[in-house]
Amino acid sequence: MAKSKKKTDVVDSTNLPILELLSLKAPIFQSLLHPELPIIITGFGTGHIVCHRYDPAKLQSHLDRRRRIDTATTGKDAKKGVCPWIRLDIDLETGDLKFVDIEEQQQQKQTGKDEDLGVKTLWKTKRHKGSVRAMCFDSKGDNIFSVGSDNVLKKANTMTGKVVKKVNLSSLFNSEEKKNDKFTKLCASQTHPFILIGDESGNIHVINSENLALSNSIRSIHFGDSINDIFHFDKRSAYKFISLGQTTLAYFDVRDKDAKPNVAGNEDGKILISDDQEDEVLCGCFVDPEVADTLLCGMGEGIVTVWKPNKNDLEDQMSRIKISKDESIDCIVPTLQDDNCVWCGCSNGNIYKVNAKLGKVVEIRNHSELDEVSFVDLDFEYRVVSGGLENIKIWELSSDDVEENASVESDSDEPLSHSDEDLSDDTSSDDETTLVGLSKEELLDELDKDLKEDHQEEKESNSKSVKKRKIMKENNKKKDLYEHGIKKFDDL
């Protein structure tokens, strides 16, 4: 009995989204979070791309405010069925954001300004004919690359949306068959000016990110099946990448010309192909990209496979972690919190936090009761972001993340200006009792004052910890470059 209770305590999550963006008229195909700014870019099945900037502190303040109102208001006055976080519908025709909830719509009419929502539209455009198939940022987030079902690759400025370069990918190939291939994945090098584009025939093309010229092609990697995922293996080399497709994992160097898979009859092939997993390999990531000693892959039958490149050079999985039977793990991203964990998006509408070291699920959050989770990402402060065809949710930081931010700050020379220990349970209880006796207007005023003070301190704490992590990341990147002896982009 005790064991069952412990298991329940581990996986239950009380975290809520701070923002939900919905598309009630067009399917969402892709979403990206800027690495250094509170910016989210969304691609749609209609070919539209929309860029939004959000204010995490304001959105968190709104969520906390609704929580306190629910706690402080008596039962007879409590509002049933009111969503505590902000939910906005994206209008692709005008670019406007509209509240989904009726009560919030009435408040928006009084203010009439998008910035009061904590979210505003920076730009929108009809970028592609047909659907948006894939998107990615460059290493600094200054530009965004997108490819559509029209086979046109476009490079645009992130802040303005203005296209600075474009190319019809079909014009780069001589074969008629290759001209008709559709593209599935984009991946940008973090150290050199090139991007990789995977297609439905198992080919990966290397494109110069400056002039969008074709540099190399690695063909038929997964026996002609579609490329499901591509990611960097820069711990080995700036030119090493991993791709997933069909039931195999492949490991290759983008500089190799006419590279062939190392299969039976061609053992000298330069593309290293894993053993057949007898289950479709849909997505993958390193638990810690800077260490790159553990790789997790999401599978079609609801499990995550664990790979150790230092043990068997990615020939086969080492173990597996059960997530959800008869469901598929469609997307995966590391938490980047030094906790040996990743976030997995599942076809049942849940996102799972999986501890690779313990080999089990440690947290579950529900993204949707009706829609599957088709992509997960992290924002600039490491909030997890989940998305499906109908909506995108930016989740609040968990208590573990907040504690880590505090521990990072306490290691610095600056003294802590605020601590959770300063607030006793008795004080919190007294505040709640006092608030119950106030009118609704007085209650809201008091809550607003408290939240402004709380989130100013939280914002300062988060900014310091994020800045420190980014400095550490840049130092590690420079170290990797020095170790590999890479100084310039010679071979591509």
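From the backbone N, Cα and C atoms, a Cβ is placed for every residue, glycine too.
Features of the protein shown, as given by Swiss-Prot:
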type	residues	note
REPEAT	127-166	repeat 'WD 1'
REPEAT	178-217	repeat 'WD 2'
REPEAT	236-274	repeat 'WD 3'
REPEAT	276-317	repeat 'WD 4'
REPEAT	365-405	repeat 'WD 5'
COMPBIAS	404-414	compositional bias 'Acidic residues'
REGION	404-472	region 'Disordered'
COMPBIAS	422-433	compositional bias 'Acidic residues'
COMPBIAS	449-462	compositional bias 'Basic and acidic residues'
Near the repeat 'WD 5' (365-405), which same-chain residues lie under 8 Å Cβ to Cβ, leaving out any that are not at least 6 residues past its ends?
13, 15-24, 27-38, 40, 42, 54, 56, 59-60, 63, 330-333, 335-339, 343-351, 353, 458, 461-462, 464-466
How do the residues of the repeat 'WD 3' (236-274) split into helix, strand and coil according to DSSP?
0 helix, 16 strand, 23 coil
Using DSSP, tally how many residues of the repeat 'WD 4' (276-317) sit in helix, strand and coil.
4 helix, 16 strand, 22 coil
Hey, which bits of the same chain come close to the repeat 'WD 3' (236-274), Cβ under 8 Å, at least six residues off its ends?
187, 189, 191-192, 194, 196, 198, 202, 204, 206, 216, 218, 220-223, 225-230, 280-284, 292, 295, 297, 307, 309, 313-317, 480-481, 484, 486, 491-492
Pull the DSSP breakdown for the repeat 'WD 2' (178-217) and write it out as helix, strand, coil residue counts.
2 helix, 21 strand, 17 coil
